[in-house]
Amino acid sequence: MIAARAANLQVAMKALALAVLALAYAAATARAEQCGRQAGGARCPNRLCCSRWGWCGLTDDYCKGGCQSQCRVSRDGGDDDVAAVLLTAPGGGRAGVASVVTSDQFERMLPHRDDAACPARGFYAYRAFVAAAGAFPAFAATGDADTRKREVAAFLAQTSHATSGGPYSWGYCYKEVKGATSDFCVPNARWPCAPGKAYHARGPMQIAYNYNYGAAGEAIGADLLGNPELVATDPTVAFKTALWLWMTARSPSQPSPHAVVTGQWTPTPADSAAGRAPGYGLTTNILTGGLQCAGGNGGADRVAFYKRYCDVLGVGYGPNLDCFGQAPFDGGIMSASAAK
């Protein structure tokens, strides 16, 4: 089963790489430094460490070696340390994504990610997910409690499908494509490839191509053009790239998945005519460029992951779960045969 899923994953990565092409336009909106003297003395949300360079995170790069504030936790701490220090809200309860999904629920959703058959075993830790989410304060913190749960379920479902070793408890089995036949380097003046580096699919959302690595790296404060391997060696960085893809709008006319699942996007008449409606299904349209929508299976596997995770979190599914019949935002079907 793992071998078959690996073959399917290679096909899916090609589709995903095409789907995120428009992210080059999002690079211009990359954020400035987040904390410390570079940001007027601001502190990081959710008690993340502020690095010497003014970025928020939980690894030793942030919490040691010139850390400016809230330097008490590093990635060496366990989940209990994260819960006790990083995630404590002013009232004493949990803050951020940890208030939506607990470590126990995370384990129930992804029980086989550390299986001996999974190349990513030991990589995708709950504490890394929580630390990365802290750099995106709106994630799992927009809307009412049910909306927040559905966003976490949707994000974990889409990333589980992208890294799956089988349905529907085998999410996060892979952290990068093995045996890539391309370095995924294309000419780009702003995000030129570093010599000898490969930008194949890595991380929970399987980010690919130099322009996406460059834009994501600038947004999260990491040199991913020079060190793309970080996405497969640092779990916090890996989750941050996935969250950047989730939170970033592709173009003025195409929303981010975050905006869709939190009810911040309203379809235009053109969207309605194209069959695009609010709901989990539209996130599949966005993330695959419509490959699984018009002529595909509507993202049935992705829906199954999503339903399972909503059940774990105890929340309803919401409307429009699949994307069958939706046109992609660019107005054309790229290759329905590439969908899986």
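The backbone N, Cα and C atoms fix where each Cβ goes, glycine too.
Lifted from Swiss-Prot, the feature list:
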| type | residues | note |
| --- | --- | --- |
| SIGNAL | 1-32 | signal peptide |
| DOMAIN | 33-73 | domain 'Chitin-binding type-1' |
| DISULFID | Cys35-Cys50 | disulfide bond |
| DISULFID | Cys44-Cys56 | disulfide bond |
| DISULFID | Cys49-Cys63 | disulfide bond |
| DISULFID | Cys67-Cys71 | disulfide bond |
| DISULFID | Cys118-Cys173 | disulfide bond |
| DISULFID | Cys185-Cys193 | disulfide bond |
| DISULFID | Cys293-Cys323 | disulfide bond |
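The disulfide-bonded residues under consideration are Cys49, Cys50, Cys71, Cys118, Cys193. Their Cβ neighbour counts within 10 Å are lowest for Cys71. Of all the disulfide-bonded residues listed here (Cys50, Cys63, Cys118, Cys185, Cys293), Cys63 has the Cα closest to the Cα of Cys71 (disulfide bond).
Recorded residues Cys173 (disulfide bond) and Cys44 (disulfide bond) have their alpha carbons 31 Å apart, per Cα-Cα distance. Comparing the disulfide-bonded residues Cys44, Cys185 on other C-beta atoms within 10 angstroms of each C-beta gives the minimum for Cys185. Secondary structure at Cys63 (disulfide bond), taken from DSSP and collapsed to helix, strand or coil, is helix. Taking CA atoms as the reference points, Cys293 (disulfide bond) and Cys185 (disulfide bond) are 28 Å apart. For the disulfide-bonded residues Cys56, Cys173, Cys293, the ranking by surrounding Cβ atoms (within 10 Å, all protein chains) places Cys56 first.
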